[in-house]
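Listed in TrEMBL for this protein:
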| type | residues | note |
| --- | --- | --- |
| TRANSMEM | 23-43 | transmembrane segment |
| TRANSMEM | 64-85 | transmembrane segment |
| TRANSMEM | 105-126 | transmembrane segment |
| TRANSMEM | 147-167 | transmembrane segment |
| TRANSMEM | 240-265 | transmembrane segment |
| TRANSMEM | 285-307 | transmembrane segment |
| TRANSMEM | 313-330 | transmembrane segment |
| TRANSMEM | 337-356 | transmembrane segment |
| TRANSMEM | 362-383 | transmembrane segment |
| TRANSMEM | 403-427 | transmembrane segment |
| TRANSMEM | 433-453 | transmembrane segment |
Amino acid sequence: RDTGVKWSDLDTKGKVLRVLKSIVKFILLLGLLYVFVCSLDILSSAFQLVGGKAAGDIFQDNAVLSNPVAGLVIGVLVTVLVQSSSTSSSIVVSMVSSGLLEVKSAVPIIMGANIGTSVTNTIVAVMQAGDRNEFRRAFAGATVHDFFNWLSVLVLLPLEVASGYLYRLTKLIIDSFNIQTGADAPDLLKVITEPLTKNIIEVRSVDLLGFTIQQYPYSRPHLSLSSGTHMFVYANLPDLAVGLILLALSLLALCTCLILIVKLLNSMLKGQVAVVIKKVLNTDFPFPFAWVTGYIAILVGAGMTFIVQSSSVFTSAITPLVGIGVISLERAYPLTLGSNIGTTTTALLAALASPGETLANSLQISLCHFFFNISGILLWYPIPFTRIPIRLAKALGNRTAKYRWFAALYLILCFFLFPLLVLGLSIAGWQVLVGVGVPVLVFVIFVIIVNIMQKRCPRFLPSFLRSWNFLPKPLHSFKPWDKVVTASMTFCRTRCCCCCKCCKEKERDEEKDDMKTKDKSLEMYDNPALTIEDEAKVTATHL
């Protein structure tokens, strides 16, 4: 919110100072963008120095990175750690630019980065756990992003492994650009960054005999420091040590610049994001064109994310608005999809900072990121029946509102334990991963099908499968677990016996509230400004 003095209330001096502050902030923004692009260039050189020939062989021939499932969970874990898909996707583009990672191996990592970025707004939703109904809406608004990304990966990753459609599509687009490689390749943003980066580091490509790549273009290259005017030219350090130093510094600069850019943009756009959302997205088009509203929301989400250069910031700004009911979940969903598209611009910017000889590969992996999100939107948005993430998010929101500790369990399982377990199985080998993963996947699918049939057509099930009551209660209900969690965390339950009766009465009241709101769970996600509360309804009488 903009808590400052309004423009109309300022005197001449105040207006001049505000204009000067805006100009200074804009100049700082341009400077931070320049440092960001330079850090990407240095990061690429650092990866080349750290890699060399041996590390290049490890990255290209490693069975773990060639495993798409392992690449996926690596992308999830890295993005969760850095809390930014923009950062992780930029790192992946730099690795592709440096030749340490092939485009095919990088596609699953980019998909994982898409999943990992949704952890931020999920954490923001947990902060609204104080009010049960507000938490119900906020958590559903946050996890709709999670479900969209997970469902997209479940469909598109096997499709990519089987057909390589993202790789083939982007390869066709890149080939149509006729991008030159080698000495005549365009450098694009490198022309701007070179005056700074060449004074920090300068590398040259040589083959094993020490000749340049231009002399023997088919030899297997590695990179070393050149004898120029950069700051390490007189340092008595091996290439690996210089590469590690630059890797740490460039990553620090990259993350710092992204954080400062986001904070600077937030200070320049105080309150404007919320104002645009409230005014534009709560307005419907007339009847024949009502379907256009969602697509306008996608464009607004992409545009606002492009402006703030962070999907985490944008979706985290939406989550509280969904919680308090300003935006319905159905409106927040297309906003989130647009945010996924807007965040791909950072990877495109990182690709444009690549040197000319690797520009085509860098652009290709950034386009893979873009078309992955486009494909997900085509799968889960145009037809209302396919908007499964909304229904799943509502169900999870209702569950976490009743058992609020489940939100923390969901975060730990989905973004830490599950990716770490899959990564461990992937390191153990394909046989172990398939041997453990396939039976678990078949069991999960079986449970989902039985649950659906129990609700829709129980007569087709055997009598014992028409409910899960034949199982021990902890295996089909959260209530026993809720008692354990409550007993371990609530002081009055463990220390004060006289309060037990009060706690039980409170639980009964909450259960009654849940029963009352169960039938109106869909109304929980509507904009209260656009609906009429039951208390406001008047029943007329007749004469």
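All residue numbers here begin at 1 and follow the chain in the order shown.
Quick reminder: no glycine exception, Cβ is built from N, Cα and C everywhere.
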Stretch in 105-126, 313-330, 337-356, 403-427, 433-453 most in contact with the transmembrane segment (362-383), if contact is a CB pair under 8 A: 337-356
Among the ranges 147-167, 403-427, 433-453, the one whose Cβ pairs under 8 Å to the transmembrane segment (337-356) are most numerous: 147-167
Same-chain residue ranges lying at least 6 outside the transmembrane segment (105-126) that approach it to Cβ under 8 Å: 65-66, 68-80, 83-85, 88-89, 92, 95-96, 135, 138-139, 141-143, 145-146, 149-150, 152-153, 156-157, 160, 166-167, 311-312, 315-316, 318-320, 323, 340, 343, 347, 365, 368-369, 372-373, 407-408, 410-411, 415, 419
Cβ pairs under 8 Å between the transmembrane segment (403-427) and the transmembrane segment (147-167), at least three: no
Highest-contact recorded stretch vs the transmembrane segment (64-85), from 147-167, 313-330, 433-453, CB pairs under 8 Å: 147-167
